[in-house]
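Below is one structure; the comments refer to it alone.
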Amino acid sequence: MTTAGQARVALVTGAARGIGRAIALRLAEDGLDVAVNDVEAGEARLHEVADEIAGLGRRSAAVVADVSEPQAVESMVERVVSELGHLDVMVANAGIAHVKPLLEVTSEEFDHLMAINLRGVYLCYTAAARQMIAQGGGGKIIGAASIVGYRPFPLLGHYSASKWAVRGLTQAAAMEWAQHGITVNAYCPGIVGTAMWDYIDEKLAENEGLRKGAAISKYSELIHLGRVSVPEDVSKFVSYLASPDSDYMTGQSVMIDGGIQFS
Ligand SMILES: NC(=O)C1=CN([C@@H]2O[C@H](COP(=O)(O)OP(=O)(O)OC[C@H]3O[C@@H](n4cnc5c(N)ncnc54)[C@H](O)[C@@H]3O)[C@@H](O)[C@H]2O)C=CC1
Ligand SMILES: CC(=O)C(C)=O
């Protein structure tokens, strides 16, 4: 639990690049101490992000862990608490995409994607909730869903299902943990120009016989505000979800997509 004058502490998963990095930097700008996580392959970039956070005058910790592994997630939260003192905001951002027709997805590929995108979010939500309940001061738990959690994209079928499930998990967690003063919400980005969309563009283009760059252009025609999203569009909204301004909001999965999908 934070006491007066103490900075709140956030943990952002999948923060070596893309949306996670932007969220981590924004929360640091907001005055939080921010621990960042990614897998071993992203370790060098993860340390750079932790250094950027320190450059903003905030404390940080870089924790390498695979969010699909229960013991790794437990240890990650323990390390954040031991290095930064407590945990007030969890952003379960880490995720992977996989572009493939449903009829060709193997059960191993399906399980691998669900292990990261759904079990990983579940493990981060529950590890954070246990810590926040023990602290006794409430908290903010935030997850990465997507517009495809409302309306799937073809060739992203199992990915879309994983994000749909994050919405369900977010609603159930909000119901169970409201009594502890914990709010649980998710963000649903649209088309954000990150490494993930570089991969999606390349694979969709292959499947549809288009040149590289053509798939993202085609899907971008759906965006009413007329431009592809940048990670900071999302981090501004997560800043709100992590702040006391969102204290009366829980169980919501909110589109931040420039006007693609209307609920
Ligand atoms: N880029 C987009 O258009 C959209 C992205 N999202 C979601 O937002 C989140 C972030 O996406 P981006 O920044 O675009 O992706 P990205 O691929 O650029 O970054 C994801 C980060 O997560 C890390 N990661 C992957 N598996 C991990 C694991 N098992 N444990 C820990 N870290 C792991 C990666 O190493 C990478 O640094 C994801 O959950 C994604 O599904 C949702 C809607 C749209
Ligand atoms: C990657 C993703 O979730 C979308 C909607 O593009």
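Each Cβ is built from the backbone N, Cα and C atoms, and glycine gets one as well.
Feature annotations, courtesy of TrEMBL:
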- Y159: active site, proton acceptor (ACT_SITE)
- D38, D66, V67, N93, Y159, K163, P189, G190, I191, V192, G193, T194: NAD(+) binding site (BINDING)
Binding-site residues listed as V67, I191, least Cβ neighbours within 10 Å: I191
Chain-internal residues, separated by at least six, CB under 8 A from P189 (NAD(+) binding site): I19, A144, S146, I147, S229, D233, V234, I256, D257
Distance from the residue listed as 'active site, proton acceptor' back to G193 (NAD(+) binding site), taken between C-alpha atoms, in Å: 18
Filtered recorded positions, from V67, Y159, I191, G193, whose Cβ is under 6 Å from an atom of ligand 2: I191
Between D38 (NAD(+) binding site) and Y159 (active site, proton acceptor), the C-alpha gap once rounded to whole angstrom: 20
Most distant Cα pair in Å, residues D38, D66, V67, N93, Y159, K163, P189, G190, I191, V192, G193, T194 binding NAD(+): 25
DSSP state at the residue listed as 'active site, proton acceptor', helix/strand/coil: helix
Residues near Y159 (active site, proton acceptor) in space but at least six apart in sequence (CB under 8 A): A97, H98, V99, L113, N117, S146, V148
Close-lying recorded positions around ligand 1 among D38, V67, Y159, G193, where CB distance stays under 6 Å: D38, V67
Binding-site residues compared (D38, G193) - the one with the fewest other Cβ atoms within 10 Å: G193
DSSP state at P189 (NAD(+) binding site), helix/strand/coil: strand
